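Let me begin by presenting the structure, written as structure tokens, before commenting on it.
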Amino acid sequence: MVSESHHEALAAPPVTTVATVLPHNATEPASPGEGKEDAFSKLKEKFMNELHKIPLPPWALIAIAIVAVLLVLTCCFCICKKCLFKKKNKKKGKEKGGKNAINMKDVKDLGKTMKDQALKDDDAETGLTDGEEKEEPKEEEKLGKLQYSLDYDFQNNQLLVGIIQAAELPALDMGGTSDPYVKVFLLPDKKKKFETKVHRKTLNPVFNEQFTFKVPYSELGGKTLVMAVYDFDRFSKHDIIGEFKVPMNTVDFGHVTEEWRDLQSAEKEEQEKLGDICFSLRYVPTAGKLTVVILEAKNLKKMDVGGLSDPYVKIHLMQNGKRLKKKKTTIKKNTLNPYYNESFSFEVPFEQIQKVQVVVTVLDYDKIGKNDAIGKVFVGYNSTGAELRHWSDMLANPRRPIAQWHTLQVEEEVDAMLAVKK
């Protein structure tokens, strides 16, 4: 038995005992950092292997990577912006009503503030303080004074008006002076108007001019003499400095009256209506022919004692302030709505058509005295408004007559515009 066991022991292969020597820290678990590094290294190695398999040069791969990164960033930015925009819209929706109300209130408050400031400025100009009454009458502005004389010639039924001199006139020009002259006329008809000469750059002009009105003494009592001092302006409407009125029924014509009178502010008159005129314009460029047809006028100002007029029309072709040609219509007696239908032609070369002016003046014919202008209008160079439109329409439609109504203007105002050179 012993021999069998011994025999088995000898027959079995020898068992080698290997002692495994562990490192000092083998019993400690691997740290998390090392595990992550190994994983990252493996991924990197795998990625690089795959990358090398792609049949593209390195620069192309880098470019693709940059584009991909940019696309991702752009998408992120758009998403963020959309979210913020939605939030803002919601906030605006909630505050909309209140915000508008505040804005309106701000506007009203601003208007009130400006109004208050304007009132304060007015007070400062007039020298008023909070404790002073605003209702106190303002001191009347000094407009100067005028010396005149009045006499009546009973033998010839003539009223003689002398304009002697003016003094202490206000300065209306930039240089601290004025260019005064005096207008003299009788109300209510205003038909006969006289003007003195203009005295340049002075506040104390000496006129020494006399004017004669032919008025029967029996009619004189119902009239009022007006003397108005104006400041002459070459390029715009003349400014009135002041005026005064003398009712003829208050004057003693038994002797010559000579006195000084203070000028007063002129009453603001409504723009006097002078009437309207209709005429047509036709221009043929190839022939250089301008045709003006005076058709009719309406609602003309009454110029005669009987409440009518004897109107006719003058047409002037002008360039650079010079009259090149003059034409006139027939006279229509005792009417304020004359019908003419009269044609007039002027030779105007095409190169000159933009430089000329057609001046249309309606006058009242007077057998004895001077023919008075009722009103005036001009088309062409330097014209404005309806007049410029008419001229432009004519040029835009060659060979076709273009008719249009025009409102008559005061002669002096039109002359001032014609004098302006652009």
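Every residue, even glycine, has its Cβ placed from backbone N, Cα and C.
Quick caveat, the model's predicted, so the values are computed rather than measured.
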Ask   = Swiss-Prot tags one of N25, N341 as N-linked glycosylation site; which one?
value = N25
Task = Please report how many Å separate the Cα atom of F232 (Ca(2+) 1 binding site) from that of D304 (Ca(2+) 5 binding site), as a whole number.
result = 29
Query = Including all protein chains shown, what's the count of other C-beta atoms within 10 A of the C-beta of D364 (Ca(2+) 5 binding site)?
reply = 21
Env. residues of Ca(2+) 4 site, Cβ within 8 Å of mean position of D304, D310, D364, D366 Cβ = M303, S309, P311, Y365, N371, D372
Request  = List only the single closest residue to D366 (Ca(2+) 5 binding site), chosen from the binding-site residues D231, D233, D310 by CA-CA distance.
outcome  = D310
